[in-house]
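Working notes for the structure below.
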Amino acid sequence: VLMQQNVLGKMFLAGCQYAHFFVHFLCGLMKTYLFSLAIHWNETLEKIETILANEDTAFQQTNNSSSKNNNYSSAFQKEITLPSRLIYYLNKDSESPYHILDTRTRYQQKHSKAVHLAQASFQIEAFGSVFILDLSLNNDLLSADYVEIHYEDDKPQYSKGGEHCYYHGSIRGIPKSKAAISTLRGIFEEIKYLELMIVNDYKMIYKEQLNTRVVLVAVETWSDRDRIHVHADPRQMLHDFSRYRQNFIKQRADAVHLLSNVTFHYKRSSLSYFGGICSVARGVGVNEYGLSWAIAQELSQSLAQNLGIQWEPASRKPKGCDCTESWGGCIMEETGVYHPTKFSKCSIAEYRDFLLRGGGFCLFNRPTKLFDATECGNGYVEPGEDCDCGIQTDCHAECCKKCSLSNGAHCSDGPCCNDTCLFFPRGFECRYAVNECDITEICTGDSGQCPPNLHKQDGFACDSNQGRCYSGECKTRDNQCKYIWGNKASGSHKHCYEKLNTEGTQKGNCGKDGDKWIPCHKHDVFCGLLLCANLDGVPRIGHLQGEIIPTSFFHQGVVVNCSCAHVLLDDETDLGYVEDGTPCGPNMMCMDRRCLSIQSLNISSCPMDANGKVCSGHGVCSNEATCICNTTWAGTDCSMFDPRRKDDSEKPSGPKGPSATNLIIGSIAGAILVAAIVLGGTGWGFKYGPT
């Protein structure tokens with residue numbers, strides 16, 4: 001429908017009151033299309049008046065009778081015409097007509113509804129003139145994959161959107177004109193992403209617009225009652241909300257945050273598990289609901305904690321960590337700065353270290369859903385788009401125009417897309433392993449994007465068999481001591497653990513029951529209190545509870561240092577105990593301060609060959625229990641020899657590692673309604689590689 005305001009006609013769509021142009025395309029795979037126009041004009045449309053010089057008498061009379069009250073005249077004509085879709089060819093700046101009218105995107109997912117281009121232009125020749133329609137998908141506010149979960153009488157009610165195939169826009173060159181077409185079956189370096197779920201308790205009354213780019217996975221509305229007890233103590237509330245997420249929230253999200261109107265009896269307005277991103281149990285946070293700017297600040301800080309970024313108290317802030325370019329101060333400062341919008345250099349460095357240790361592995365996987373309606377130019381390839389450069393420099397020149405791939409282009413961006421808009425062949429490295437427990441990803445040969453970021457399966461040996469991989473990190477007691485106390489620290493001799501942790505004292509234990517220290521069973525001594533040597537006076541992370549407890553004694557003629565301390569995070573996690581995943585014996589790992597066999601942890605296994613070799617000995621088992629094969633092997637069990645061709649001319653000029661960290665920890669302009677919103681996105685940029 002091509003529409004211009006202030007015209008009364010008879011060929012209106014339901015709900016429309018005014019129309020100048022009416023274009024109806026009979027849908028279906030047809031070679032010709034009925035092009036019908038009902039046109040009425042006034043002085044502002046004199047330039048198209050000549051199109052209707054030969055009016056149909058019958059329609060003239062009809063419109064004359066209706067024009068007695070509006071002093072207008074109108075006309076109606078029919079003409080059979082063959083529309084064309086306008087596309088860009090490689091190395092051309094102008095559009096060219098294309099006879100294939102299909103608006104489906106180039107790459108469709110199997111067993112899912114068809115997805116159409118977000119933007120398209122059509123050329124229509126009729127009545128001796130050429131009309132160009134610039135159209136975009138008429139999306140609702142939420143994407144087609146958006147899910148809402150409303151709790152009514154304690155029962156979840158799910159609802160989803162449908163396929164979008166309706167376009168609207170304008171006629172090029174005619175100001176204020178509007179056009180709409182239903183296509184139906186006829187006309188047709190690397191960012192990290194955080195997917196966050198925000199759950200709001202039912203007492204919050206209304207939702208305002210979020211002034212930030214977010215990825216919306218689901219909305220959960222507690223319309224009858226809160227699903228957890230709302231506490232004034234955020235630590236208890238965080239614990240309860242973590243259990244709720246583990247048991248009841250099935251939607252995939254990297255983090256889940258609760259916004260509540262309760263006022264916390266606490267020094268801060270938000271609390272989250274430090275470094276908990278990507279963990280179902282620890283990737284959570286709780287936040288007070290208040291003014292929009294306050295929510296923005298709280299959520300930014302709470303997310304930063306999930307990402308391994310510490311608070312910056314003035315007393316401990318190193319030199320060079322100031323946000324000199326930001327008058328509002330730094331986001332993680334504890335000085336009550338006004339509307340901070342910048343992270344300090346120290347915060348960014350902490351995030352970098354967090355990623356290099358193997359944390360945040362889930363952030364590399366590109367989300368597929370946005371909270372906002374599909375928008376060409378926002379940097380996300382959304383349903384209805386072949387590509388989306390964001391700013392044009394993010395794509396190879398000429399590969400992507402109006403979020404559609406140029407004719408002949410296979411891709412426009414990504415570490416597996418070369419500068420000629422073609423895929424790099426299978427086998428090229430697109431994301432280097434950041435540590436011994438990570439896996440190097442390689443291009444598949446049929447996508448410009450690097451495959452999902454995976455790491456080695458939990459329990460994989462690392463650090464010369466001294467450690468075990470767990471959640472993408474190599475866990476050892478020595479590494480943990482250095483992480484908390486700095487590089488000068490080291491793990492204590494094993495005799496310290498065997499002697500002290502069985503005593504059940506402040507100097508060695510496996511936890512506390514009320515006021516009583518719990519002695520470790522002999523089998524669990526390496527999973528109790530963390531004992532280190534060469535401790536500095538101040539931990540580099542968390543805050544010291546009490547004092548460092550130095551202990552030393554002679555063992556086989558040598559003095560061994562067995563110092564310990566309780567180092568607490570805001571969520572009351574005590575870093576003074578050995579971490580889960582740390583080895584405690586042959587094929588044994590610590591879990592909840594107990595030493596368990598890796599076999600007993602029920603870790604899913606990868607396929608084996610007839611000789612019992614995992615991945616046939618030609619690959620490595622990933623955290624998704626899939627084999628990642630060496631470059632010359634293929635198959636689900638890596639048993640097929642499949643050498644790749646080496647073509648140095650196709651080789652990229654340099655290694656393509658993770659190129660940018662874009663976490664939306666930005667401002668929220670409006671408050672959020674009573675709902676649980678799953679969002680994700682990008683924010684500050686950061687680059688690291690083999691430097």
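Glycine is treated like the rest: Cβ placed from N, Cα and C.
Within the set CYS411, CYS417, CYS450, the cysteine that TrEMBL bonds to CYS430 via a disulfide is CYS450.
Checking TrEMBL for transmembrane segment across the ranges 15-38, 663-686 points to 663-686. As a summary of secondary structure, the domain 'Disintegrin' (373-458) carries 3 helix, 15 strand, 68 coil according to DSSP.
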